[in-house]
Amino acid sequence: MKIIDGNIASPLGFSADGLHAGFKKRKKDFGWIVSEVPASVAGVYTTNKVIAAPLIVTRESVKKAQKMQALVVNSGVANSCTGLQGMEDAYTMQKWTATKLKIAPELVGVASTGVIGDLMPMDTLQKGLSKLVVNGNSDDFAQAILTTDTKVKTVAVTEQFGRDEVTMAGVAKGSGMIHPNMATMLAFITCDAVISSETLQLALSQNVETTFNQITVDGDTSTNDMVLVLSNGCTLNKEILPDTPEFDKFSAMLHFVMQELAKKIAKDGEGATKLIEVEVINAPNSLDACMMAKSVVGSSLVKTAIFGEDPNWGRILAAVGYAGVDVPVDNIDIYLADIPVMLASSPVDFDEEDMQDVMRADTIKIIVDLHAGDSVGKAWGCDLSYDYVKINALYRT
């Protein structure tokens with residue numbers, strides 16, 4: 001697998017565009033992804049019981065058509081908790097896009113992100129849609145879907161399948177309200193491989209638990225968020241089927257893209273200054289390892305200690321203890337980077353200057369060794385700073 005300098009339109013047969021329509025005061029806030037042909041599609045969606053209108057419409061269309069040819073996204077207005085009018089507006093957003101592209105409405109996905117409770121300004125939507133073009137500036141799409149994010153989040157890779165080169169690209173937004181189960185964010189992945197929607201869904205579902213479901217910024221789960229994967233077959237490779245080496249290679253490719261996007265989201269948490277990576281090793285099973293890793297990275301006390309560059313391993317141990325995992329606690333090792341701070345559940349003296357260098361880094365790695373099996377789990381998050389409160393206190397102003 002090779003990482004390339006690309007964007008969401010790097011796979012064959014895809015294009016994208018993004019622009020400022022007026023959902024936000026100044027920044028780009030509206031965009032689309034378009035495939036030359038209907039693409040196989042797979043999706044996972046928010047587990048919040050309150051579900052935004054665009055997500056309902058998109059999920060319904062994916063189930064009905066089993067294909068998707070276009071995806072249109074706005075940022076600044078979530079169209080969530082907007083009642084029957086919100087549903088009507090989401091269907092209209094879908095219909096208007098389909099009409100412009102001259103395709104069936106059920107082949108259009110819609111997504112929105114932003115302030116909950118505000119109705120969609122349909123005149124703004126119509127104006128923005130009139131300006132979007134096929135084969136526009138694909139890099140602008142990554143900008144158009146952002147809200148409180150400080151940077152775009154993209155990744156693109158290629159992989160050989162026999163004589164054919166398959167390209168896969170991903171883009172995501174997410175900075176706050178990140179505690180997925182799915183994943184609290186929007187993420188879109190495009191690919192040019194020949195693969196059915198059913199097989200694509202299998203690959204996505206297998207990989208979401210160890211990627212997007214293992215990030216947390218603030219413990220909040222949004223109402224709008226989803227991951228969609230589109231693969232249009234333009235490479236004309238031999239079809240990728242389940243339980244084959246080609247499927248395993250494709251799944252590994254997808255896992256890499258999803259994990260990279262997940263890490264970029266965690267690193268760009270609102271007000272964040274550091275990425276936190278927690279790895280639990282030698283656990284009884286992978287589920288327990290992932291639960292424990294996410295417990296540690298989600299601890300507010302661990303997050304604030306990391307922000308303060310304080311190697312407070314007691315907070316890490318406490319988060320291990322309340323993770324809900326039944327493991328012996330009398331033989332646990334904890335490391336910050338490669339420095340042991342606890343061995344066999346007993347504190348260890350460490351060099352303060354070496355530890356200061358570790359804690360000043362942009363990425364803090366915490367390793368928890370349970371000595372209770374051979375499974376591994378990882379989770380990602382960020383520190384909790386003064387700016388997180390400031391950003392969210394002033395979000396609507």
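From the backbone N, Cα and C atoms, a Cβ is placed for every residue, glycine too.
Per Swiss-Prot, the feature active site, nucleophile maps to T184.
The substrate binding site feature in Swiss-Prot is assigned to T147, K173, T184, E270, N392, T397; the stated evidence is sequence analysis. Here K173 (substrate binding site) comes close to S75, T113, I145, L146, T147, D149, K153, M185, L186, A187: these same-chain residues lie at least six apart in sequence, with C-beta atoms under 8 angstroms from its C-beta.
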Starting from the Cβ of T147 (substrate binding site), draw a 10 Å sphere and report how many other Cβ atoms land inside it.
22
